[in-house]
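Listed in TrEMBL for this protein:
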type	residues	note
DOMAIN	141-552	domain 'Aminoacyl-transfer RNA synthetases class-II family profile'
BINDING	174, 220, 445, 486	L-aspartate binding site
REGION	198-201	region 'Aspartate'
BINDING	220, 221, 222, 229, 479, 531, 532, 533, 534	ATP binding site
Ligand code: ASP
């Protein structure tokens, strides 16, 4: 080792020891006769001190040459500081330097490498290796490492085997666009990068591995948002001889372990809610149940009273915002503007104030009597002092809009505390989803998900009604993981492909290998995958997964540091048999 200690290690108990430290120059202060330099490494900061008269002249001369981010090796004696710095663990001591070696110089960095930096996002991404020197950034990746370790410990303990699956594969149908890689040896043919290892993990079950996991990169060529990256990481798992309940229990256990090992949080219950209930009560398949504000359907009470907008609506639905009856005109207008934003698309917002004196005031007083409004309030469980907000229209759209309004109100009322974690299993997802654009049914999860046995008969008569053995783990309104019990026989898998509009030949060409495997003793199996980047972000209390990825891509899918994607030269193209013109 070039050093005896790290820059975060020394304390007053080390006084008088001879030590050697290595690190980066954070900054220097030169007061003429006295000079101090903060030396930084991943473990902390230690102050070096130099003094005219007592420090050897050539050491002082070298010290005066140090610039920000120079890499140095300093040897000296640990001494107690005159004025201590209580903000850092090494603040009681400094090193009286006796010899100093510059291991490497540094150009002036393009931004300040401290917690508070002057560097903008784009600049920091271009010099990500410097950005990663900052505590704040590095600590996020340390959290990621800890979380991965907790996952591995738990799953190894439960007899899971970690298996790597290939990266150059053929298309997997998770519903997104594939990234493709041209094959030089098979010109005109392409590999696809896996959207997930789905078919491979199922094949490992056919192979008798029984319990598989992998912390694995997956690739989806989608338009990017703050919480999406073209390459992202999943904790991918599969188990044999299990039913849905077994999987939910196993991964409730894993989630509990992660929270307790990494955050010191003991999670409460993991309630189960059907997809149908989630949509009806919260208008959302990943409801944030840290707070109530459940939907109340008001059709029966609000229709046929002369208010044509409600009369024509498929759904009239309200939520009760506790203690908001005093909202001002301005606040109510802001809420109306919020739901009318094009992203939400409501036409208007009706309110009912349940006044403290027991009277009611609404924006539709013309059509409804006090008794009418009282009946709404009773149904909504609203007390004096509460505010009821009502939307109407076609059922699906109105539920979506109300879900946005509910989340907005939850935030406004401080009901979405970042340090409270409320898990929820959403179960019984529909097997199929109608796609207006292609006028076809798509698999809501993926084509390998098994329908519920009791709904099988509906496949021919009312396919949209068939429920799947599929589940999502939601925490605080964020989808953390999802999976299903799989189909494990050829006939059902073939039937599923037929319903998804595949011809027999197409199904065979794409997934023949899986259906063949099902004919050689495939065990019943099921699994789940967790979005690892998103989990990290949730543990770190952040909305963006990008912070938790060492070298992320920007929203145009570019890595601005290595400048990728980029063109390749003619010779490479020729070798691949690709002609761009
Ligand atoms: N492969 C699925 C996904 O990536 C997860 C699963 O069904 O296990 O969404």
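Cβ coordinates come from backbone N, Cα and C, glycine included.
On the structure: features taken from TrEMBL.
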{"residue": "222", "record": "ATP binding site", "contacts (Cβ under 8 Å, 6+ apart)": "176, 177, 228, 230"}
{"residue": "445", "record": "L-aspartate binding site", "contacts (Cβ under 8 Å, 6+ apart)": "429, 468, 470, 482, 483, 484"}
{"residue": "479", "record": "ATP binding site", "contacts (Cβ under 8 Å, 6+ apart)": "286, 472, 473, 531, 534"}
{"residue": "486", "record": "L-aspartate binding site", "contacts (Cβ under 8 Å, 6+ apart)": "202, 448, 449, 450, 525, 526, 527"}
{"residue": "532", "record": "ATP binding site", "contacts (Cβ under 8 Å, 6+ apart)": "144, 147, 148, 215, 232, 233, 234, 235"}
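Of all Cβ atoms in the shown protein chains, 23 besides its own fall within 10 Å of the Cβ of residue 534 (ATP binding site). In three-state terms derived from DSSP, residue 532 (ATP binding site) belongs to a helical segment.
The ATP site in the record is lined by 220, 221, 222, 229, 479, 531, 532, 533, 534, and its two most distant CA atoms lie 20 Å apart. Per-residue pLDDT, averaged along the domain 'Aminoacyl-transfer RNA synthetases class-II family profile' (141-552), amounts to 96 for this model. DSSP assigns residue 479 (ATP binding site) to a strand. If you draw a 10 Å sphere around the CB of residue 220 (L-aspartate binding site), it holds 21 other CB atoms from the protein chains shown. Summarised by DSSP class, the composition of the region 'Aspartate' (198-201) is 4 helix, 0 strand, 0 coil. DSSP gives residue 486 (L-aspartate binding site) a strand state.
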